[in-house]
Every structure is written in C-alpha cells, then in structure tokens.
Amino acid sequence: DAAAEVRLSRLRWAVLLLFSSYSLCNAFQWIQYGSVNNVFMRFYGVSAFAIDWLSMSYMLIYIPLLFPVAWLLDKRGLRLIALAGSALNAVGAWVKLGSLKPHLFPVTVLGQVICGLAQVFILGMPSPIASVWFGSHEVSTACSIAVFGNQLGIAAGFLVPPVLIPNVEDVEQLAYHISIMFFMTAGVASALFILVIIVFKEKPPNPPSRAQALIQSGPTAEYSYMQSILRLLHNANFLLLMVSYGLNVGCFYALSTLLNRMVIHHYPGEEVNAGRIGLTIVLSGMVGALISGIWLDKTKTYKQTTLVVYIMSLVGMIVYTFTLSLGHLWVVFVTAGLLGFFMTGYLPLGFEFAAELTYPESEGTSSGLLNVSAQIFGIAFTIGQGQIMDCFGTRAGNLLLCSVLLLGTVMTAFIKADLRRQQANLKNE
C-alpha cells in the first residue's frame, strides 16, 4: 500500500515551532494583567477581583466552546484551527490598544475575551500536532515542546509586564508604559498570524508512524464526534485521569493568577521579584516537561511517571506553603522552582497518558476534555483561594491547594495503565 509508507517530513519542526510561538503569545496575554495586578487596579480604578477575572475569563470561555472547536478540528483539520487561533490572538491584541484610558476597562475586557476565544483554538493542539506530524519515537517529546510554548508565554507574562510597567503615580505615564506592552504584543501576534498563513500545512505528505497510517487508511465516514465523547466518558481510567489532571492544573492556574497578591502580601514593594518567582515556577516546569517527554519516549512508563510527578507536586506545594512567610525571598524562589518543576512537568504527561488510554479516539477530543476539567477547577480554585486569602490569609489559601493535590494523587494511583496506542504500534511493527 503506497499510501501507508511511513516517512518523516522536514517541515514538522517548522510547524511545531510556529505553533509554540503563537501559543506563547496567547499565554502571555492571559497572565499579562495578573502579574502587575496592583498597577492595573489603580490605572482602571477596579478591584483585585475584577483583574483576577481578566485571567479567569480565559478559563470561562474555554468550557462551553471546547466541544464545537474540537468538532471543527476533527471535521476540518489542523490548518483551519491554527488560522483561527492565531487570527483571534492578533485581533484581541489590537483591541487592547483601544483601552489606554482609565475609563476604558470594558475595552480591555473585550480584548481579553477575544484572546480567550483564541485560546480555545490553541490549548488542545499539542497532542494532535505531535501525532499527525511526528514519528512514534519522538511524539512525546514533540508534545512537550508544543506545551512548552504555552509555558514560555506564561513565563514571559510574569517577567515582562513588571519590567515594562513601573508602579508610577502619574496616569499619563502609566498609559504610555502600558501602550508599549500592548503595541509589542499586537505586532508579534500579527507577524505570527502571517507566518501561519504561509507555513502551516494540514498534514505531511506521508504518515509519520504506523498508528497514524492505520488511522489515515481507516474508514472516515462512520466517525461520530458525540459517540467519541460518550466512549471517552465511559472509559473509567480516562475519567480518573481527567479529574486528577483538572485538580493539578487547576491548582497551577490559581497559583499563577494569585501569585502577585501572595508575594506582595509577605514582601511589600517586590513586584518585579513576584514576576521573577512566577518566571521561576514556569521555567523550572518547562525543564520538567521536557524531561518528562524524553523520559516517556524512552521508557513508555506512563502510569508510574505520572504518579511520581503528582506526588512530588504535592510535596512541592506543602513546602511552598510553609516557607512563603519565612521572610527570605531566596527561599521562596527555591521552593517555587521545585513546585513548578513537577506541577508544570505534569502537563504533557497528562496529554500523552490520555492519548495512550483512549487510542484510536482523536487526541484533540481527549486533551480537550482534560483542559475543560482544568478550566473548571481553575476557576473554582482561583475564586476559592482568593476568598480564603482575603479572610484567613495566604497560608489557609495554599492549604486548600495542598488538600486538592492530595486527592488527585490518590485518584492517579487508581488509574490502570491500559496503553492502547503503544499496543497498536507494537502490533504493526
């Protein structure tokens, strides 16, 4: 069968890099307000909760729109989804440029909502891109690199805004500094959209792996999207993974959104260092994610690796909770780095484990369900932890996240390692 000749395309790295780049730009826009929330509160004259909602809006929009977008991904393929994601990301960035006066907070909200729409077309893509473009020996690494872009964007979102936007009194000056950030973002987002139009292809000329060749040569007509979701929701192992993934990543979202508030509470005036601590969490997490991906490609020990990383996330969270108030910033840097290494390192593990448990279902659907779970828990934990912090202090808020991670660890222990994609590759080799 000539159609099923397995060959790797040179273009695959360009596609992966481009996806990672516009994913980075979108994630930067998610956290760009939260990392200097005190500055934006003063500029727009709104509450901390209103600024928290700028980051929660991303999570909220994702939940109802995931299903139509995942359906579109199955029906129309990767290229259309990539075009929509990068276009919306650029439009949202330009809309924000119209919000440079204190009374224009609603315009900034609109821009953020459009960027949140873009995110729906971005978050579920790492697994499908890795599967459609990469060979069976590099698929987990490719997925890690795709997740990497998003993490790097969050890192930039912690690092750049505190540097570009100093905490100055004068509103005119503040507007000028904010405009620099918004202009840079809009320029980058537009350039990336143009590159996607030129470079991003639907799929390589030849399937990159046996598992892909089987899917591509299989019957296409019988596939029903709703039935695929129902089959996933009847898969007990996948359900356990879906909830435990949501608990872990929901904690990460809450921590990222509220980090600036936590650090400034214990270390007043340290806005730039609060951003650097966020950066440390994400950068060490990216190292964790890359190591996880390479380790999975080498060992295929999905269940064991996921469980160990989960336990270490819990340990990291406990250590962070009890060292935050010691009064030594360097200690916070170390514990936050440890926490990030495992918590963010868990992201690609969850996607890849799900792809194994649910093969031959579409990876876009399984990773989409994981993301929905994460967004729902993310909103709940962000609001819950924010309220607890206001009433009982930061330690009580962090203890909420510790107890959540404990629950997730127990659930992960109950998942059976039913590795279907691996079996398909082995059978056909």
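The backbone N, Cα and C atoms fix where each Cβ goes, and this holds for glycine too.
Automatic, uncurated: that is what TrEMBL annotation is.
According to TrEMBL, the feature transmembrane segment maps to 12-33, 53-73, 80-97, 103-124, 145-164, 176-200, 236-255, 275-295, 307-323, 329-349, 369-389, 395-415. As annotated by TrEMBL, domain 'Major facilitator superfamily (MFS) profile' applies to 15-420.
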Per Cβ pairs under 8 Å, the stretch of 103-124, 275-295, 369-389 packing most closely against the transmembrane segment (53-73): 103-124
The transmembrane segment (80-97) and the transmembrane segment (307-323) contact flag, 3+ Cβ pairs under 8 angstroms: no
Cβ-Cβ under 8 Å with the transmembrane segment (236-255): same-chain residues at least 6 beyond its ends: 55, 59, 281, 306, 310, 313, 317, 339, 343-344, 346-347, 350, 353-354, 357-358, 366, 369-370, 372-378, 380-382, 384-385, 401, 404-405, 407-409, 411-412, 414-416, 418
Highest-contact recorded stretch vs the transmembrane segment (275-295), from 12-33, 145-164, 369-389, CB pairs under 8 Å: 145-164
The transmembrane segment (369-389) touching the transmembrane segment (12-33) per 3+ Cβ pairs under 8 Å rule: no
Tertiary contacts of the transmembrane segment (329-349) (same chain, 6+ residues out, Cβ under 8 Å): 126, 140, 143-144, 147, 151, 245, 248-249, 251-252, 255, 263, 267, 270, 273, 276-277, 280-289, 291-293, 296, 302, 305-306, 309-310, 312-313, 315-317, 319-320, 323
Tertiary contacts of the transmembrane segment (145-164) (same chain, 6+ residues out, Cβ under 8 Å): 16, 19-36, 122-123, 125-126, 129-130, 177, 180-181, 256, 259, 271-272, 274-279, 281-283, 285-286, 289-290, 293, 344, 347-348, 351
Overall pLDDT of the domain 'Major facilitator superfamily (MFS) profile' (15-420), taken as the mean: 89
